[in-house]
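Student: Once you've had a glance at the structure underneath, I'll fire off some questions.
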Amino acid sequence: MSMSSKNENKISVEQRISTDIGQAYQLQGLGSNLRSIRSKTGAGEVNYIDAAKSVNDNQLLAEIGYKQELKRQFSTLQVFGIAFSIMGLLPSIASVMGGGLGGGPATLVWGWFVAAFFILLVGITMAEHASSIPTAGGLYYWTYYYAPEGYKEIISFIIGCSNSLALAAGVCSIDYGLAEEIAAAVTLTKDGNFEVTSGKLYGIFAGAVVVMCICTCVASGAIARLQTLSIFANLFIIVLLFIALPIGTKHRMGGFNDGDFIFGKYENLSDWNNGWQFCLAGFMPAVWTIGSFDSCVHQSEEAKDAKKSVPIGIISSIAVCWILGWLIIICLMACINPDIDSVLDSKYGFALAQIIYDSLGKKWAIAFMSLIAFCQFLMGASITTAVSRQVWAFSRDNGLPLSKYIKRVDSKYSVPFFAILAACVGSLILGLLCLIDDAATDALFSLAVAGNNLAWSTPTVFRLTSGRDLFRPGPFYLGKIWSPIVAWTGVAFQLFIIILVMFPSQQHGITKSTMNYACVIGPGIWILAGIYYKVYKKKYYHGPATNLSDDDYTEAVGADVIDTIMSKQEP
């Protein structure tokens, strides 16, 4: 090599070093502006995030503000699976069917269909959020991102608390439903000669929570495979019901209920007016069953190609459960004893157990209730996984007590063991309400619904108002015309549901055993969360807290993102 070539190479290397040093000083001088932009519509300064232009999951997660700590083991099918598993159609319908029959067959059939349509609209909007900013924290992160400047921290903190407690209440309601199903199976084997007490139910419930805690502490790859098992288990039991129940009904009961009974028989078993009872009895089965699609969001940091797989998981799980659940209810109403009161007053304590017993006999009823209980267990394991990821993410941002311990991730298995333990302990404590009476148990169902709907609707309202100039769509987006129409319609439905779940099952003669304590517990939790933040937590919680250094950030996002951020800085 000639001397001139060596000199040219030396100069080229020196120029690159000089350029890199200059860029480093330039980036260092940007300070907090290194990764942020300022809203023009009142949302203040937030991270620059553009999912549509990100080239991989790690880059997008870095733009959001976090390093990759959990392993991405969930395929699109398994992301769908965690929501579909938690919805657990037949086990969930079994748990809420008694309340739905309070308005007669037509209320249950059409209430499900109408409510599920609006739930799909809510899910579509959440899918847009998840496609734009896929992070395990989800709801409280989005709230902080779009909320007005000066209110970001307290509102996002309240939403984080609401979502965490609602998911924990969801664990309680699912596991309590499992306890009831196991008790119903035992009662069937003893021909009704078994006393089910609140103490026995809590014992079964607590045992289930402990077993689920152990099961969900395995590596994320095993948890992902569990979702595949749950998909096939739920589909198997549904197909079995579609085949066996009509055959048994025709053989043992001589035929089916006609279309007028299934689609037109309305029977108000409360003292509310017919319209309100239709909403109370008809909407709640679908709202509670198809109510865990945000679990896909909480798996965002374990999902492959999250900006696409999470939206697909949300929308597909809702759509499948909408139609498949509706067909299940039609099948059950075709086969049910026309004397609804005899089903609701079943000595087995479970309306579905009585329907199966009437059509198929004792052995089939025991087998079905055992299979339903198994699927309900898979539901519980899946929602325990989801709530642990929400608890972990919120603790990562110092949102919970003992956050410095809860946010730890095991380096070998990439699993947040302490978050799983915290979620299960919280569920056991909330579950103590079941020892009081049925009204307190019902409050757990209502708390899960109200808390989640508040958490789901809040970031949407802010995205459409104060943060409208910050929203950068991901791969899934309805467009500028349809997106806000769908979003506002979903918000209106969610506000209606929050109000609806606060009402008791009857209008007059309310006693302590018929009172709906959700109207006290829900708002009480939200108010206490705000007070707790003002008095203590504001010293530690400042919204989503990045765990990336500036060097890690610039390396992860690349020069193009840095150039875009710098070009958007105000002079």
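From the backbone N, Cα and C atoms, a Cβ is placed for every residue, glycine too.
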Student: Could you tell me whether Swiss-Prot assigns Ser300 and Gln507 to the same side of the membrane?
Tutor: no
Student: With Cβ distances under 8 Å as the criterion, find the stretch in 154-174, 272-292, 313-333, 483-503 that has the most pairs with the transmembrane segment (74-94).
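Tutor: Between the candidates 154-174, 272-292, 313-333, 483-503, the best contact partner of the transmembrane segment (74-94) is 313-333.
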Student: What parts of the chain pack near the transmembrane segment (483-503), using Cβ distances under 8 Å and only residues at least 6 beyond its ends?
Tutor: 118-119, 121-122, 124-125, 128, 276, 279-280, 283-284, 287, 446, 449-450, 453-454, 456-457, 460-461, 463-464, 477, 516, 518-519, 522
Student: Which one, 106-126, 229-249, 272-292, 417-437, 442-462, has the most C-beta pairs under 8 Å toward the transmembrane segment (365-385)?
Tutor: 229-249
Student: Examine the transmembrane segment (442-462) against the transmembrane segment (199-219) and state whether at least 3 Cβ pairs sit under 8 A, considering only residue pairs 6 or more apart.
Tutor: no
Student: Can you work out the mean pLDDT of the predicted model over the topological domain 'Cytoplasmic' (1-73)?
Tutor: 68
Student: Write out how many residues of the topological domain 'Vacuolar' (95-105) are helix, how many strand and how many coil, based on DSSP.
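Tutor: Helix, strand and coil residues of the topological domain 'Vacuolar' (95-105) number 10 helix, 0 strand, 1 coil.
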Student: Please report, as numbers and ranges, the same-chain residues at least 6 past the borders of the transmembrane segment (515-535) whose CB is under 8 Å from any CB of it.
Tutor: 153-154, 157-158, 161-162, 165, 439-440, 442-443, 446-447, 450-451, 454, 498, 501-505, 541
